[in-house]
Amino acid sequence: MASQRTLRTGRAALLLAGLLVVPLLPPCAASCPEKDLEDREEEANVVLTGTVDEIFNVDPVHNTYYCKVRVWRYLKGKSSINREILLDGGNKVTIGGFGNPRICDNQVATGDTRIFFLNLDPEAVGPDHKNELMLNSSLMRITLRNLEEVEHCVEGKKPVHLSWKVLTLHRCWSTS
């Protein structure tokens, strides 16, 4: 009897502890509405894929920071990138806006490779940052599907949604 009472008390304590901890956790992704991919691409002056090389200028008050990103491929807006924006021989750029609470998925670590939706940094930010790019929407992970969808948006075509079965069958037939 005593062990059952102890078990019930332990379960109640765990439930209470869980209820107390839940408000301390960061909000889930569902509470952060994201625009459609077509709208995100339309609003961006530059869309590129790249890898985060360095994180710097962390603002402890606003929890925002800048990153130096090695560019792999421009999907949109390469012509708007001038020499003053390019760093380290022309294959890196500085991007700001990481940690911005108005952008859902915007946290990165050194070595992360993502699809970036960017705009030229407005001069209102100050002369120190006039040659930088700023995030204008969430980052996307690099996957075949994400790349195809972004490319279709940039080209003005409707996105193609491939299922795993179709992709697997295509791979099997093309290797035979």
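Just so it is clear, glycine is given a Cβ too, placed from its N, Cα and C backbone atoms.
Caution: TrEMBL annotation is automatic and unverified by curators.
The shown structure was predicted, so the numbers you read here are calculated from the model rather than taken from an experiment.
For reference, TrEMBL has these:
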- Cys32-Cys104: disulfide bond (DISULFID)
- 32-159: domain 'NtA' (DOMAIN)
- 1-30: signal peptide (SIGNAL)
Looking only at the domain 'NtA' (32-159), how are its residues distributed among DSSP helix, strand and coil?
31 helix, 48 strand, 49 coil
Just to confirm: which same-chain residues, 6+ apart in sequence, have a Cβ under 8 Å from the Cβ of Cys32 (disulfide bond)?
Cys104, Asp105
Inside 10 Å of the Cβ of Cys104 (disulfide bond), count up the other Cβ atoms and send me the figure.
15
